[in-house]
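For reference, the structure discussed in these notes is given below.
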Amino acid sequence: MSKKINRNDPCWCGSGRKYKVCHEMFDDKIAKIAHQGHIVPTHNLIKNAEQIEKIKESAKINIAVLDEIQKTIHEGMSTAEIDKIVYDMTTDMGGIPAPLNYEGFPYSVCTSVNDQVCHGFPSPDVILKSGDIINVDCSTILNGYFSDSSRMFCIGDVSPEKKKLVDVTKEAMLKGLEQVKPWGFLGDMGQAVHDYVYANGYSVVREIGGHGVGIEFHEEPWVSYNSKAGTEMLMVPGFMFTIEPMVNMGKPDIFVDEENDWEVYTEDGLPSAQWEIQVLVTEDGYEIISY
Ligand code: MF3
Ligand code: CO
């Protein structure tokens with residue numbers, strides 16, 4: 001049984017202010033919404049100002065690394081070279097690549113090419129060629145705080161069909177972002193992503209989604225893009241998560257490489273694209289943390 005916090009005690013959020021002038025009204029509002037049957041975030045998912053600053057410092061590295069990849073990625077480059085740039089730059093800036101040794105993941109970054117959906121292993125044998133599309137998914141730990149975002153890159157002459165897949169995937173993520181506001185629901189975002197993707201004739205991977213992020217790499221909740229508006233977790237100020245839909249040109253079905261248990265591919269062999277943004281819910285909307 002947990003003891004009810006005294007109104008004059010310091011707030012649970014760590015701000016140092018009294019509970020009654022900090023999160024008391026916030027907690028009351030959440031309790032009412034929970035009572036209506038909605039899923040609501042627990043206190044440990046709400047970041048305070050100090051934590052947000054630390055996460056933004058981590059994101060500075062994450063964004064700088066992605067910017068560097070964007071500048072240097074080219075036809076003829078191996079994905080192992082991308083891995084080396086990510087490792088060297090992240091550690092030079094004082095960070096740690098979050099994927100490295102995460103649940104046994106053996107590299108500093110995920111590089112997923114064409115029909116690879118996500119978690120692609122960088123390799124000296126994967127040489128980028130004209131017409132390839134690639135997702136580079138970077139995550140950084142700085143002083144224990146996590147940032148996570150990914151971008152797509154088109155190598156050389158990419159077919160209009162694949163280029164459109166890349167563009168629609170980014171637009172879908174941004175359609176979801178538009179729905180991020182306090183006292184809305186994650187399903188508002190999820191449905192916006194889903195509807196935009198299907199209106200363009202593509203499909204969204206169902207088994208893998210986004211996540212809470214910041215204090216840990218993958219926090220609650222799991223974030224779906226097959227959800228309905230008005231459902232899933234309530235979004236409140238201080239809640240931070242990723243929007244990272246994986247969009248398939250063909251069917252949504254996927255399979256995982258049996259040998260390494262990581263790399264994910266489309267079942268039908270058609271291309272897949274993904275963009276990932278890390279976002280904070282604020283008092284009046286959202287703030288982009290890593291993109
Ligand atoms: N960056 C991925 C994500 O967006 C994490 C993949 S787990 C890893 O959640 F170990 F492959 F990095
Ligand atoms: Co992520």
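Cβ atoms here come from the backbone N, Cα and C positions, even for glycine.
Just so you know, TrEMBL annotations never went through curation; they're auto-generated.
What TrEMBL records for this protein:
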DOMAIN    53-283  domain 'Peptidase M24'
BINDING   HIS119, HIS218  substrate binding site
BINDING   ASP137, ASP148, GLU276  divalent metal cation 1 binding site
BINDING   ASP148, HIS211, GLU244, GLU276  divalent metal cation 2 binding site
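Shown on the structure are the features that TrEMBL records.
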residue	record	Cβ neighbours (10 Å)
HIS119	substrate binding site	22
ASP137	divalent metal cation 1 binding site	22
ASP148	divalent metal cation 1 binding site	27
HIS211	divalent metal cation 2 binding site	19
HIS218	substrate binding site	16
GLU244	divalent metal cation 2 binding site	26
GLU276	divalent metal cation 1 binding site	23
Inter-residue Cα distance where the pair is HIS119 (substrate binding site) and GLU276 (divalent metal cation 1 binding site), in Å: 13
ASP137, HIS211, GLU244 filtered to the binding-site residues whose C-alpha is within 10 Å of HIS218 (substrate binding site): HIS211
C-alpha spacing of GLU244 (divalent metal cation 2 binding site) relative to HIS119 (substrate binding site), in angstrom: 13
Residue pair ASP137 (divalent metal cation 1 binding site), HIS211 (divalent metal cation 2 binding site) - Cα distance, angstrom, rounded: 14
Pairwise Cα distance for ASP148 (divalent metal cation 1 binding site)/GLU244 (divalent metal cation 2 binding site) [Å, integer]: 10
Listed binding-site residues adjacent to ligand 2, that is, members of HIS119, ASP137, HIS218 whose C-beta is under 6 A away: none
Shell list (divalent metal cation 1; ref centroid = CB of ASP137, ASP148, GLU276; cutoff 8 A): CYS110, CYS138, SER139, SER149, SER150, THR242, GLU244, GLN278, SER290
